[in-house]
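Quick notes on the structure that follows.
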């Protein structure tokens, strides 16, 4: 007995749109069974996970603040993954971006600004630029190693995450430590000129969210309407045809790594200059890794990624609520997110293939 | 020519294996169309035919990989059903594949143990491998890892795997295609030994010299049918080629004699190593195509056609600029878009995934090869409207039938997609066109349309290089024909001064002197006899 996958003649576009919704429904049902097994009412859990976070202003802002970096990083990663290049190191590029932008903030600490007016408006743009450029530069390491020496970018980008994390750890314990900080491993708190302003007085929503939305929009435009975006899509759709189109592998590799590294670096400095306001050993709750899930949940297209980031952010915030209100473990949230990804990918396979149960032995050895 | 025609009365004892009335259809395509084949113990039986003649399909049916739509397979006169390769092996049918299925990181013994029943693994197996090595001259070190072995040694593993099951019939699919001449000679010794033991061998090949050396009977396929059986040792390479290539002589379109003018495409002593294990190196290849000329490159698949195409298109670059010249300008080290800017255009063999991306729309596929030479982008931004206009012009000029305004390329039928990719290049009005298998797998009407468009393009002064396995096509469009065999090119001969038989002989690897001996005169009546 074995399962054969037979390609469908023409994948139905209707099914294509419906399949993520069905996958989500299936994930909720399976999650409900797990919750019930833990002795909690599934209905109550559903409300806590998916409804409660949207019922209060502060938690809606939290969802947006969590979704923004995820969507921005995932949009950058979509370029890589569409071109069949595997940047697994967005977490490291995020950290390095936050660190580099934070260095600008610390270096300008207490600056009186230019001229008699004390113009300090340049500091924040300089921080954002430094964060983006540092993310790009850090992503160039695996890209260049791949282009010049043929080293697997999967391994190098992943390993560089640990380099970035340890570098940040060293910096905040050493050179960047706040001299008046009672030896806590953290930097000084940034000046107001080095903080992303809140969008509404007294609320937590800050300018990082519109910056991320702008970045995602730009990414969508580049992917759909530029020759470079066409190149990325062509390589993903058909590598041999992309070679026939004369697209250069090396340039493409450097380009998509620059985009994904830049997006992750920008997200990193937005997080540091937005919510945190100083450098500390941990600046990311794993955004760079979660963004990989977001990119695939969103099927590597910017609108889908935006939606997927909101769903993941929602379940994360909801999961925190469930932990407090229902005593459900945080791991359940992670398991649910993994389940959702598996089901979405599985549903994608089923929209493109029939499954047929074939009696008999294992698949015949393919001839020549 | 004393080739007996199919369905001649069958004599002699009951054959070891027989296949009768085999029909295999894939959708509307009939790969095998009523094939009869008898294999006797102790004979090396050749299965001859061009690519697409139906050899592989028949072989897969005999090995249980495919089930026939109609017809039966018999073993010693009894009808048997070969539902899968296990059933075939149980009857004593073994197979040596053209492409090896070996794990590079495992040793020889481990690779063999993988396919053996668990009871037979272990030290006893190592001893049996050594024993077979002694008996048959199949020398293998069981402890060597496969990655360190040559193609010939890898093939020995496949043969040993097959012999460990003590087969009565061994099917060999183009066994020499990856071997050096020395390795091939060693293989023949082994095969002769197997034959002398009373085993039957089914030898699939298109190499006529090998078949004549080894085989005592041959069944020749063309277009899915048996066109003759014969004793290859009583035939000449020429008569075998005539049977294989076919003799339906179409009227060759008379061509106006154009005055010899400027050379537009020149390949000058191009040598490139093989890009992979199953690829062909290009050996000191030179050719010239003049303005308005169509040069046809004939040859059996896998003799360097894809490698030549890639070297001409710039998808693979030559070591020196002078190796390829486009309108007199050195282009050997340029990429494909730089060559396009010099006025060249290219149509690869594979429509889906090389000439076109099947998942992308037709307008995006227009962009694919024209983005560098047509005004389809500005400051890096795509002009999608211009791309749609271009696609519409191609669709109108080449009568491409499609569903919807701008459908994905993959939804078009083979013929319509081929018209689109040929039209895309021809509408660029190239000065040089290189086209590989222009009408492969295309219906007759679309094929005629494409050939006419290529002829018209040459009439406007374009130098055209047509690589094709279809001799009828080459005789219809080409001014002269050269043959690519094992990566080397014969000197081009004007189409009017050669014959299918002479070209077929070169395709099978005969020397040029032999092929052109009595130029074009002799074969006509001989060919008529077998058709």
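Numbering starts at 1 and runs along the chain as it is shown here.
Glycine residues also receive a Cβ, built from the backbone N, Cα and C atoms like all the rest.
Feature transmembrane segment, per TrEMBL, maps to range A:154-172 of the set A:2-20, A:154-172. Per TrEMBL, the stretch carrying the note transmembrane segment among A:289-314, A:315-340 is A:289-314. It is A:93-110, from the ranges A:93-110, A:183-200, that TrEMBL records as transmembrane segment.
Counting Cβ pairs under 8 Å to the transmembrane segment (A:154-172), the top-ranked stretch among A:21-43, A:63-81, A:93-110, A:249-269 is A:93-110. The recorded stretches the transmembrane segment (A:63-81) and the transmembrane segment (A:249-269) share 3+ CB pairs below 8 A when only pairs 6 or more apart in sequence are counted, and are therefore in contact.
Sequence-distant contacts of the transmembrane segment (A:289-314) (same chain, six or more residues past either end, CB-CB distance under 8 Å): 20, 24, 49-50, 53-54, 62-64, 66-71, 73-75, 77-78, 81-82, 88, 90-91, 216-217, 219-220, 223, 236, 264, 337-338, 340-341, 344-345, 348. Same-chain neighbours of the transmembrane segment (A:207-228): 64-65, 68-69, 71-72, 75-76, 78-79, 82, 128, 196-199, 255, 259, 263, 266-267, 270-271, 273-275, 301-303, 305-306, counting only residues six or more beyond its ends whose CB sits under 8 Å from a CB of the stretch.
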